[in-house]
Protein chains: 2
Amino acid sequence: MTDGILTPDQILTAAQDVLRRYGPAKATVVDVARALGVSHGSVYRHFPSKAALREAVTQRWLDESHTLLTAVMAADGPADVRLRAWLSALFAAKRKKALGDPELFATYTVLVGEASQVIERHIADLVGQLQQIITTGLAKGELVTSDPAATARAVFDATIRFHDPVHAADWDQPGIEDAFDTLCTLIWLGLSPR
Amino acid sequence: MTDGILTPDQILTAAQDVLRRYGPAKATVVDVARALGVSHGSVYRHFPSKAALREAVTQRWLDESHTLLTAVMAADGPADVRLRAWLSALFAAKRKKALGDPELFATYTVLVGEASQVIERHIADLVGQLQQIITTGLAKGELVTSDPAATARAVFDATIRFHDPVHAADWDQPGIEDAFDTLCTLIWLGLSPR
């Protein structure tokens, strides 16, 4: 492969393969360069350090759940429908990652543990989307809150069992869908006008 | 020490000391017996196996949070006050354990991971107490739900960030009390009659 056509996304894909193959403790930038057939200098041209590369690959993995969420954000509709669709999309995306490829999920769990700023930004993004749904619903009189930002965080916290990877072991347990539905209903009742 | 006065509680206290000193991977029944100055047979008379002893010591540790909760359960009052008092007492008890003695907390986190039946029973107990508060409030017309058991579980799930040890690292973060308060308010609004 010539360096001319090397894109950041190709590097991230190769880095993910290398991380999966060698594990987060052993994977190096040289391994990534070798997998791409380029010099490690070519990798460093896009990512200035091993830490930067690991953060970027973690960021991309976290953002994968955003595709579904972006679709929900783009769609119109009543706040209760949008809120539940958003929470369901997040749960579905996280669950798919955890149960669909447990080995890669375990790898990323290690990486996420190292990348506190990346995860903080990820959570801030997600809470921001919730806040947008809440603010739109508030303007339309579909829900009530005196503090949309704090309420968005409370909704995020309230559903943590259904999106935080530390709870992944629960996600294929019987009754988990019902538990999620009951919780979503309780949250909506907490927001809706009386 | 003579065997005649050896109580299960003394054994559990000694077992906790031994676990703290040697760590859960290395601690043995012989270590516990030695710490008590008795034969290991004397320990086995009360706890038929090492696993049974470890489960009992885990159970006792988990039940320590129940003292505060029992006081809340015994007190009369409106459902919103009782619910918030109960959730606060649980959060306070868990936080005290996690932050007050982090080393012992880490030891018990390992033990809890081994003792799935003990932890299931513990959670069932806690959800049962929530259900009692909800059922009493329902009878007095203070709250609304069509399924007190499912709602109790939803309240437990909704507050998981504030009682599950996997989230202990958040418990001394700034703003955690406000986040807890906002969430409790949201939950209560979800339950209260419209």
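Cβ atoms here come from the backbone N, Cα and C positions, even for glycine.
Mean pLDDT for the domain 'HTH tetR-type' (B:5-65) in the predicted structure: 92. Annotation comment: TrEMBL describes B:5-65 as domain 'HTH tetR-type'.
Annotated DNA-binding region per TrEMBL: B:28-47, in sequence order. Residues 1, 3, 6, 8, 10-11, 14-15, 17-18, 22, 53, 56 of the same chain lie 6 or more positions beyond the ends of the DNA-binding region (B:28-47) yet place their CB under 8 Å from a CB of it.
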Study note, to complete from the structure: For the domain 'HTH tetR-type' (B:5-65), the DSSP helix/strand/coil residue counts are 45 helix, 0 strand, 16 coil
